[in-house]
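According to TrEMBL, the feature domain 'Cation-transporting P-type ATPase N-terminal' maps to 2-75. Residues annotated as transmembrane segment in TrEMBL: 58-74, 80-100, 243-260, 266-294, 723-752, 795-814, 826-843.
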Amino acid sequence: MNYHGQSTSKIYQELNTSKQGLDSTEAEKRKTQYGPNELVQKKKISIFRLFLHQFKDVMILILLVAAVISFIVGDSKDTIVILIIVFLNAIIGFVQEYRAEKAMEALKKMSSLNATLRRAGTIVQVPATEVVPGDIVIIEAGMLVPADLRLIQTHVLKIEEASLTGESHAVTKSSDKITSENVPLGDRLNMAYKSTTITNGRGEGIVVATGMNTEIGRIAQLLQEDKVKTPLQKRLADFARKLSFAVIGICIALFIAGWLRGEQPIQMLLTAISVAVAAIPEALPAVITIALALGAKRMVRQNALIRKLPAAETLGTVSYICTDKTGTITQNKMTVNDCWVSPEAKAIDDYSPEQLMLLGMELNHDVTTDENNELVGDPTETALVDYTRKNNNYNPQWRTDFKRAYELPFDSDRKRMTTVYPFNGKWLVVTKGAVERLLSICPANKTEVINAKTEQFAQEGKRVLAYAIKEISELPQQITAENFEKGLSFIGLAAMIDPPRAESIQAITDCHAAGITVIMLTGDHPITAKAIATETGILQDATDMVVTGTQLAKFTDQEFQDKLDSIKVFARVSPEQKLNIVKALQNKNHFVAVTGDGVNDAPALKRADIGVAMGITGTDVSKEAADMILLDDNFATIILAVREGRRIFDNIRKFVKYILTGNSGEIWTIFLAPLLGLPIPLIPIQILWVNLISDGLPALAFAAEPAEENILKRPPRKNNESIFAGGIATHILWVGLLMGLVCLGTQAWAIHNENSKWATMVFTVLSLSQMGHALAIRSDIKSLFTMGIFGNKQLIFAVLVTLGLQLAVIYMPFLQSVFRTQNLTLSELALCLGLSSIIFWSVETEKWIKRLKKQSP
Ligand code: ATP
């Protein structure tokens, strides 16, 4: 439909709507008719396909080959058991992936955006998915357009449509009808398209298409996002690949050695295959996704919404946090409590300077009222409007007398906003903004007095806004900021308090203890910023510096590099400078989290290692660019998320340590036996069993391990630090070797004593050793007994279930014939338990030595 070529009245008619918007019953009706306003994602993979997907794993295929070989050599019992094991493996893999997927879906839903609509004459916010054709949408800088719109009103509206047209420059829009034919998408200036970005100004439009009927919907197939692997997953996948080669080498050696010793080749082949399957940690990537997704779910409960999964993993590495001030460090509850009118200010017509100040505060804002007559809008502006409306000299008539003709919306670069009104046959221009940005366009003022007053307010931590006004008889030819924002007369200042959040002070102390430097990047006045930074502890030492954007611009690269470490507050910085600061910190090898809310913050958020957007005050654009959203806009939430990130990483590390040590134990046992002149102690299905029970439940339970006590008292880990750092590689080797030796010791002892059940005993010792190991590595340093045995109930549950399964395999006659096990006497069982606990006690001793070393300087 050619909406751009039609007049707006025709479109109202066509879509059966009006300027006041649809009412809720009609909207509801249309929702059923048109469906949700969303781009349909790639066909969701069905549960059945997800299950089948598990069989694609190379290891599983190898096992299936093993099943076939068993069948050919006539061992159909083994074939069945291998098939059952394959099936169980697939179920475990499936459950793991399914949980991860569900958790991710839930997170995605939460990060969906809202749209501002006019429905039945009232402004309402609804989830963008509920927008229907005929709705009237209000858009402004920072938002993403929620649906395809025919614009009916624009105020310096600029939209960046690169996703549709490839043109990266923002296009200025208007509501005029386009008469020429065959206008390409990029030239339809009176249309706004779903998912494009509003970079400037404001506007209103009628929804003409939603969901897959929008222009972006038509090319939505191109936008399907692929699952991204986290850096750790990539590294581990790479590691697993290298390990596979090593393991396959070992298995070939094992096969040849056994063959030469005269073992049955088929049996040796099956053993070698089982060892390969057991030793390659194929479950690692899936379990990491679960740990991350579950961690991300926990973070949401603490108001940190992870948008990009890798962030959950890398949060623990953050060494620098660049935070903004308003709302994040402070409460964003502004109250104007000082208003100062310059003695130089002059009356215009009948309006005294005092009245002009109040008039300016009434006129120059984007605040609206909701159905309860409450002010809604930017807290700075609502505070100003609230103040003026409560003042005795305020005249309510102004609200209807002055009709806004033009506006030049606020942006963080100009730090000003201007509105224009017809005024007694002339025009009244009102500008408000940062003090120095107003003084520069008010030529005839004594700046010293104004600056002194500003400084006085700022030193009290107040945000100061200045007002200026002028009367002009003719409009400039073009409605641009440059044309209006000059030659104004200064009127006065409004100062407002915005107290720091009580939690910020503690959170900043926590950051310092956790080795994280916090700096403030703000658009506000340096003195205001300094006052708040001092109060919250961001500025601590005498050497800590406050630098303004203007000073920063004058620094040479070298000066900037040298001073960077001591600068704790950057005030009046532009979004571009924000980006440069982030880059400079990254060049110094810092892992940087950056908060932002405005449309201009998007580049810095994208560039940051962790971009953090504000859930309440943040623009859609900043949220889209961010890795994490603070649902409560609160700085303290960042450090909670960092804590959770560190915990997730710790737990992944414990899990890797657990799995690989177990695998190493299995390999040592089987590999060393022939070298020590012993028969290979485990048959293939026993190996597969040990692998299955140890990779399954206990491994998952590590994701539930609570954070270690000192988690926020240690420095952040290095970004590129290996997952095996901190002695994990040695641990895997020595504990695995010990496991192997204990198993082989058991075997040798039993054979020596002519105990025919030696195979069952080795099998039991190997399984139970893994459980003891799981319990012992819950902490890297603390003893299990000080941590509390029941500190991780899931792990206890996993250990008990595994123990139960192992007993079933030993004692149930049917399973005995499958696993070639024999009844152990109680004392034999107790002996196995005792022997397998050697691993537990050895790891406890390792931690004890670590504690001793830590105590002695
Ligand atoms: P903060 O760190 O406090 O959140 P910010 O970086 O978000 O600040 P901006 O919102 O860009 O800063 O504001 C920068 C300055 O612009 C403010 O200090 C104020 O002087 C001025 N300003 C803010 N909002 C408006 C507005 N709506 N109209 C005019 N000027 C404004």
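Quick reminder: no glycine exception, Cβ is built from N, Cα and C everywhere.
The model shown is predicted, which means the values in this text are computed figures rather than measured ones.
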At a threshold of under 8 Å on Cβ distances, which of 58-74, 80-100, 243-260, 723-752, 795-814 pairs most often with the transmembrane segment (266-294)?
243-260
Counting by DSSP, what is the helix, strand and coil composition of the domain 'Cation-transporting P-type ATPase N-terminal' (2-75)?
46 helix, 0 strand, 28 coil
Roughly where does the domain 'Cation-transporting P-type ATPase N-terminal' (2-75) sit in mean pLDDT, to the nearest integer?
80
Which residues of the chain, 6 or more past the ends of the transmembrane segment (826-843), have a CB below 8 A from one of its CBs?
735, 738-739, 742, 745-746, 755, 757, 761, 764-769, 771-773, 775-777, 810
